[in-house]
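Q: From Swiss-Prot, here are the annotated features:
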type     : residues : note
COMPBIAS : 231-241  : compositional bias 'Basic and acidic residues'
REGION   : 221-248  : region 'Disordered'
TRANSMEM : 5-25     : transmembrane segment
TRANSMEM : 65-85    : transmembrane segment
TRANSMEM : 136-156  : transmembrane segment
TRANSMEM : 179-199  : transmembrane segment
TRANSMEM : 283-303  : transmembrane segment
TRANSMEM : 312-332  : transmembrane segment
TRANSMEM : 419-439  : transmembrane segment
TRANSMEM : 458-478  : transmembrane segment
TRANSMEM : 523-543  : transmembrane segment
TRANSMEM : 566-586  : transmembrane segment
C-alpha cells in the first residue's frame, strides 16, 4: 500500500473520530430528551407533530408495542412510495413527462428505500420524476435511517435500564432523530455539496452542443421499427453522428446529503456517485466518505455514554476500525496490482505522476485507485451502497472485499443504527462463547445472557445467510435467474451472489453486469430486503425488552471485561468466524475461482 494511500486512510480516520466524538455527545443528550442546540427551536415543531398525531410523548412502549409501531410505519411507507411511482405520470414536478413505473419495479423500489437498502434496478434520470425523487425516495432516506437509529437506541436502553418493562417510544425516537440529527446535518452537507458543484434545481433537462462530433453505431430499423438483420442473422449496424447531448437536471444536492448521512446509497442518477453532478470533486468525494461513517461512529460514543461506561463504546469502535482498515489495505493492494492480462495488451498499469496505474477499468480518472478503493470499503462496510466506480469491474479480490464486508452482516460501522445493533448482537455471542469456555454464566454490561437472548441472537445472525444462500441457489437453478447473467462462469455466479448479499444485508450496491430489472429479480430481491431488515429488527427488540426487565449484576472478579484489547480481539474473531463459516463455500465458487483463473491466464 503506497504512502499516499496510507496518509489518506489515516486522515480519514482522524477527521471521522474528531467529528463523531462531539456528535455522539450531542446525540446522547437529544435521545435522552434534553433540549439543546437545534432542539431549542425545533421543540415547538416536535410538540406540534405529537399533537397532530395524537401521541403522548411521555408514554413509553414495551418491545412488542415498539415493534408493531415500527412495522406499521414502514409498511405505510412502502405503500406511499409504491403509489407515487405508479401515479407519477399524473402528478406535478415531472418536466420530462416520466411515465408510471412498472408494478414489479415499483414494488422493489418501495421496499428498497423503506428498508434503507436503496437497491436500484432502474436509472434515476430516465425513470423517476422530481416529485417521486423528493417526496418518495428522499423522505424515506430520512425516516429509514431514523428507524434504524431508533432500534439501536431501544437496544441500548435495554442494557442501561433494569427491572423495566419499557424500552422507549418509537414515534418520539424517530421524530427526534430526524428533526435534531439528520435534518440539520443534511442541510449542512447539501450546502457544501452545492458549493462543490452538485446541482440543485427543478429545471427541465438541458440540450447542449458538444465540443466535438460524437460518432457511434446503432442497429438499423425498418419502417415498423424492427431491427434489420443481415445474412448472418445479426442486426445491421449503421453509422450515426451527434453534436448534442442531453444533461439531466434535478434537486440532487439535497438528496445526496441524506443519501450519504443516512447510509442509504440510492443515486439520483444511474451512475450514482461516479456522476459529476452528484460527486463533483475529490473533496466532495472525501466528504461523502466521512458522511457515510459519521453517524455510525457517533453511535458508538452514544452507546458508551448511555450505558455509563465510555470505554464500551471505544471497544466497539476499535473492533470496527481494525476490520475496516484491513479491508481498505486489501482492496487498495488488489486494485493497484492490476490485471495481469492487461500487460499483454500493451496497457501500462504502473503508477506515475500522470496516472494512478493499476486496474482503472470502471473507475473515474479524477478519483483514481486510492480514492476509489477507500470509497468501495466505506460504502460496503456501512450499509450504504453508493458507488463512485463500477464494482463489477473490480479485480476478483477487489470484488471479494466488498462482498465479504456485507456478508459479515454490515457490522463494520454498518448502517445508521443497524451497524451498531448488529455488532452488539455479535458482542452477546462473543460473551456467550467466552462464558462457555470458562464455565460461567455469560453476562454483558451487567445483564445475564440466558436462553431467551441466545435464541433471539441465533435468529438474528442466521436470517441474512439463509436468505442470501437460499435465494442465490434458486436464482442459479431457474431460467429466469440465469437469464440476467451477462458474464459466464465464476463471475456470473459472483454477480448473483453479490446481488442477494447486497439485498438481504440492506446495502444496495451491485455488480451491474447482472440485468436485475426483471420481474424475477425485482420480486426476489424485494423479499430479501424486506425479510433481511425486519426479521432482524423484531428479535433485536425482543432482546431489548428482555434485557430491560433484568436486574443489573454487580461486577466481580470473574466478570469478563468487555472494554479491553482481549474483548476486542474476541469480538473480531467472532464476527470473522461466523462470516467465514457461512459464506466461504459460496465465495470459493465465485471470486476465489475467478482470481485463480486470472492468475492462470498470465
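The backbone N, Cα and C atoms fix where each Cβ goes, glycine too.
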Q: Do any residues, 6 or more residues outside the transmembrane segment (523-543), come within under 8 Å Cβ-to-Cβ of it, and if so which ones?
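A: Same-chain contacts beyond the flanks: 63, 66-67, 70-71, 74, 104, 107-108, 111-112, 115-117, 119, 121, 151, 154-155, 158, 167, 418, 421-422, 425, 428, 452-453, 456-457, 459-460, 463-464, 467-468, 471, 474-475, 481, 499-500, 503-506, 516.
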Q: Let me spell it out: take the transmembrane segment (312-332), skip the flanking residues so only those 6+ beyond its ends count, and list any with a Cβ under 8 Å from a Cβ in it.
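A: For the transmembrane segment (312-332), the sequence-distant neighbours (Cβ-Cβ under 8 Å, at least 6 residues beyond its ends) are 1-2, 5, 9, 13, 24, 297, 300-305, 369-370, 373-374, 376-378, 381, 397-398, 401-402, 405, 408, 411-413, 419-420, 423-424, 427, 445, 562-564, 567-568, 571-572, 575-576.
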Q: In the same chain, who gets a Cβ under 8 Å from the region 'Disordered' (221-248) while lying at least 6 residues past its ends?
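A: Sequence-remote neighbours of the region 'Disordered' (221-248) are 125, 205-210, 213-215, 269, 277.
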Q: Could you give me the DSSP helix, strand and coil counts for the region 'Disordered' (221-248)?
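A: Going through the region 'Disordered' (221-248) residue by residue, I get 0 helix, 15 strand, 13 coil.
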Q: Going along the chain, which residues at least six beyond the ends of the transmembrane segment (5-25) come within the CB cut-off of under 8 Å?
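A: Result: 286, 289-290, 293-295, 297-302, 304-305, 313, 321, 325, 328-329, 332, 336, 369-371, 373-374.
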